[in-house]
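**Student:** What TrEMBL lists as domain 'TECR-like N-terminal' is 5-80. The domain '3-oxo-5-alpha-steroid 4-dehydrogenase C-terminal' annotation in TrEMBL covers 155-308. If you look up TrEMBL, you'll see 85-107, 166-184, 196-215, 236-258, 264-282 marked as transmembrane segment.
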Amino acid sequence: MKHYEVEILDAKTKDKLCFLDKVEPNATIGEIKSMFHRSHPQFYPARQSIRLDPKGKSLKDEDVLQHLPVGTTATFYFRDLGAQISWVTVFLTEYAGPLVIYLMFYFRVPFIYAPKYDFTTSKHWVVHLACMCHSFHYVKRLLETLFVHRFSHGTMPLRNIFKNCTYYWGFAAWMAYYINHPLYTPPIYGEQQVKLALIIFLFCQIGNFSIHIALRNLRPPGSKTRKIPYPTKNPFTWIFLLVSCPNYTYELGSWLGFTLMTQCLPVAFFTMVGFIQMTVWAKGKHRSYLKEFRDYPTLRSPILPFVL
């Protein structure tokens, strides 16, 4: 059995960082990362990006050396991804923040509104309903992070957590300030508008959860297997017939319901920004599905049926 010699160069400077002798042909990129880590302890595997070309895409950990377009002396390029943090930690931090921040405004803790309003409650029942819906949404997200989601990538750059938390925490404070403000006024169409909004919100929350369960069941524990998602017996998943990322579709619907319920401009702005970002993600995932699966259903749209 022939062995490989592997040299790893810095992607920026082209300086040689490591030389590995007698590497087994069935060695994976993940194993090569572990070997590199032994000579450079500061670069743990999750922090490494190993590439065939300095400006190319990162190779997958499961890629096998003998199946790559390299000779018996293989040259790879290393790029430092920076300090990493687990996705679970990221999501728990992102979602716990809005939950706590919103409740601070709801209970009107001191130094938010005028002193005479400290620890008082709103006279409008829609304010209490909005707090329950907002809290339910983020408690659901926290529980899904712990017990439902299976991540194809274990980590993300540490710097991203500051950007993400600024987004989620900042919007939560902005929305909560106005919804729980002593001068807040209920929606124009009153009880009927709020009830309709609540139905939309709950319907989409159940739909979002159903999609997350369906996606989870596509990937066995500890696996990075990717399959085409199809509708199941659960009616909430039938939207897979028309949309590639119905979890985003239902997420959008939830926030549209919350916007209708509160009739609050910051909530509408958060919904709009979220829709733009989710559309970018959905289009990217839709393209990857089409590229990876030749038999991918062509009728599907990324996020909105027949539209977008």
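We number each residue from 1, going along the chain as drawn.
The backbone N, Cα and C atoms fix where each Cβ goes, glycine too.
Where in this structure would I find these features, and how exposed are they?
**Tutor:** Per DSSP, the secondary structure of the domain 'TECR-like N-terminal' (5-80) breaks down as 17 helix, 29 strand, 30 coil.
If you look at the transmembrane segment (85-107), the same-chain residues 6 or more away from its ends with a CB under 8 A from one of its CBs are 119, 127, 131, 134-135, 138-139, 141-142, 145-146, 149, 151, 153-158, 160-161, 164-165, 168-169, 171-173, 175-177, 179-180.
Residues 94-95, 97-98, 101-102, 104-106, 108, 112-114, 117, 120, 122, 124, 127, 130-131, 134, 262, 264-267, 270, 273 of the same chain lie 6+ residues outside the transmembrane segment (166-184) yet bring a C-beta within less than 8 angstroms of a C-beta in it.
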**Student:** Mind checking which residues of the chain, 6+ beyond the ends of the transmembrane segment (236-258), have their Cβ under 8 Å from one of its Cβ atoms?
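**Tutor:** Contacts with the transmembrane segment (236-258): 130, 133-134, 137, 197-208, 210-212, 214-215, 229-230, 267, 270-271, 274-275, 278-279, 281-282, 285-286, 289, 297, 299-306.
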